[in-house]
């Protein structure tokens, strides 16, 4: 007579063991794109004024993040050592999902990284962050022989350089930097995975080296797929 009771007890124990992790890991709601942008703006203001937030980088925060990450924004930025997104926006561990590559260009690997952050981590804001005096842009404008891997980066930037020269820009380097950011914004808009995630906002921005200010670049790229689901 005891065997049925033991069987039922074992079943209950297994069920509880399966359910407990789910109950212990509540779903964290995503931060809206507009709120995420404001958080970046506020953080950059703190960076400029040198009035930094208490970012809680200690053991408590690290233990919390060991259970999972929920970044509120994705930043695609240049690898330049002067442009670390977490510092420019005064954000801490787990706040930003950062994809860094020379010239802030996007290829399959970078796009896949952004897709992951949007589709699986719930980030609603994507910012392509260029910066003044970008070495990758300058090298592309100046031309000349470069190693094959650097040539691949320059090939991604070249359309922006061509557009800046065609527009007879006073400062071709900075005009090409802006155009390159917007070209990468357009590439993100065209990405089918990102397009099918609701309420995603994609912005271009530029970091000014001396002032520390991040300026969001105005643009008009039609993208009916975004924010229509």
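FYI, residue positions are counted from 1 along the chain as it appears here.
Heads up, the Cβ atoms here are built off N, Cα and C, so glycines get one too.
Curation does not apply to TrEMBL; its annotations are automatic.
Annotated in TrEMBL:
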BINDING   78, 80, 131, 134  Zn(2+) binding site
Quick one: which residues besides 78, 80, 131, 134 have a Cβ within 8 Å of the Zn(2+) site's Cβ centroid, in sequence order?
-> 77, 79, 82, 83, 102, 103, 104, 130, 132, 133, 135, 136, 137, 177, 207
Around the Cβ of residue 78 (Zn(2+) binding site), how many other Cβ atoms lie within 10 Å? Please give the count over every shown protein chain.
-> 25
